[in-house]
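Copied from TrEMBL, the annotated features are:
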type	residues	note
DOMAIN	22-107	domain 'Pyrroline-5-carboxylate reductase catalytic N-terminal'
DOMAIN	249-394	domain 'Ferric oxidoreductase'
TRANSMEM	204-228	transmembrane segment
TRANSMEM	248-268	transmembrane segment
TRANSMEM	293-317	transmembrane segment
TRANSMEM	347-365	transmembrane segment
TRANSMEM	386-403	transmembrane segment
TRANSMEM	415-442	transmembrane segment
Amino acid sequence: MEKNSSNMIPLTENSPDKKEMVCIFGTGDFGRSLGYKMLQCGYSIVFGSRNAQTSSLIPKGTEVLSHREAAQKADIIIVAIQRQHYNFLTELTEVLHGKVLVDVSNNLKINQYPESNAEYLAQLVPGAKVVKAFNTVSAWALQSGTLDASRQVFVCGDDNKAKQMVMDIVRTLGLTPLDQGSLLAAREIENYPLQLFPMWKFPIYLAIGLSAFFFFYSLIRDVIYPYIHENKDLSFFIVISIPNRVCPIVALILLALVYLPGIIAAILQLHRGTKYSRFPDWLDKWMLCRKQLGLVALVFAFLHVLYTLVIPIRYYVRWRLNVYVISQIKDNRTDPFNNTNGWISDSYLALGILGFFLFVLLGITSLPSVSNSVNWREFRFVQSKLGYLTLILCTAHTLVYGGKRFLNPSLYRWYLPAAYMLSLIVPCIVLAIKFVLIFPCIDQPLTQIRQGWERNSKGSKQSYCNDSKSAV
């Protein structure tokens, strides 16, 4: 039988080093969970409720009083109720004067109200010191103790002393407080839990868009064209053959798009002659979601591997192989081994295996548990140097796959090139520009700029000229 944590007696209930009394307005799931957690950490807890009666859900070792009586017993009051129920606080203005009010509420929609809930609370009780905190921690996390995913607590408020008191409570609970400044930051803090994968939207939408484009592009070339011109029904290609073409194409393009913003940033820095000029907003957002772009690309690469592994067991493949063998038997002939094709085939597979291995390595090192265990230089080496090597291998894998087919006119159905040819455009552009940027005549000025040198600064320019002369 499952035990209710609220009925368990905290280990620190009779601890001699009791901390100050804390009042919690509200006996809902979050209020009870936070009260129980604080009780475990040595705080004395009193609940303020409309119904001042103790129930079996209230943690043992606490008491339940009316809002007025509970507020009189503590200097820190955690308001664990929804905004629409704040009105009763106006009746407690005198009691709450000078006390610290901690707003933990969230809304149902982003920017649901003209002002944040914390600012609205400060308007209702002008004499209180309002602090926003704990809204990014769930009741479930407090109950289960699995706080790894929500250990950070954003804190903001206009009174520094009150804010420090709340941050001390956060630390005592084993959480990490992050000071976000004044109460003006409360609006952003309240919007944060409502954002659904904010950094993943662009990569996912881009991947869906690319997948849809290349799916219909391949559908036209590989299914509709043969049906119209050759009267062949290859509609079953939709299940495996076309997805197995779309996945590597999208993976390669997304991988190239991971490194393209860094190249654009380098060109802008060279053009401006300084690193202290802000990048365009679109470039900033692009650079911030590079990790997500890479992980989405890895998913598509992994799907390509799975689709490729099932090729030998497909009925269509086995049928073609049987037809080929029977035709050789009937004609009493054997095609000689082509050494060139053997090299091309093995090279194509080897490049794909190595590229996928490094792709997986990049994905592993992007995990927080792994990236936190390496220093910046090691992380940069893996994500930059090995990242470009991965892009080179995957691009070479596609080039070798194409082989001489680039020049075969019969493959341009309705004058449309094969889909893999289109996938090479962005990676080749990225690698070509990167190759130019590593030339010493360009790399050295770029390194100087990233170290703080400015072209328009006289002192920096003179220093750079002196360095250049001494180097000569």
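First residue shown is number 1, and so on along the chain.
Note: Cβ is positioned from N, Cα and C throughout, glycine not excepted.
Over the domain 'Pyrroline-5-carboxylate reductase catalytic N-terminal' (22-107), the average per-residue pLDDT in this prediction is 89. Between the transmembrane segment (204-228) and the transmembrane segment (415-442), three or more CB pairs separated by 6 or more residues in sequence fall under 8 Å, so the two stretches touch. Here the domain 'Ferric oxidoreductase' (249-394) has, by DSSP, the following mix of helix, strand and coil residues: 122 helix, 0 strand, 24 coil. Sequence-distant contacts of the transmembrane segment (293-317), counting only residues of its own chain at least 6 positions beyond either end whose CB sits under 8 Å from a CB of the stretch, comprise 200, 203-204, 206-207, 236, 240, 243-244, 247-248, 250-252, 254-255, 257-258, 356, 359-360, 362-363, 366, 387, 394. Across the domain 'Pyrroline-5-carboxylate reductase catalytic N-terminal' (22-107), DSSP assigns 32 helix, 20 strand, 34 coil.
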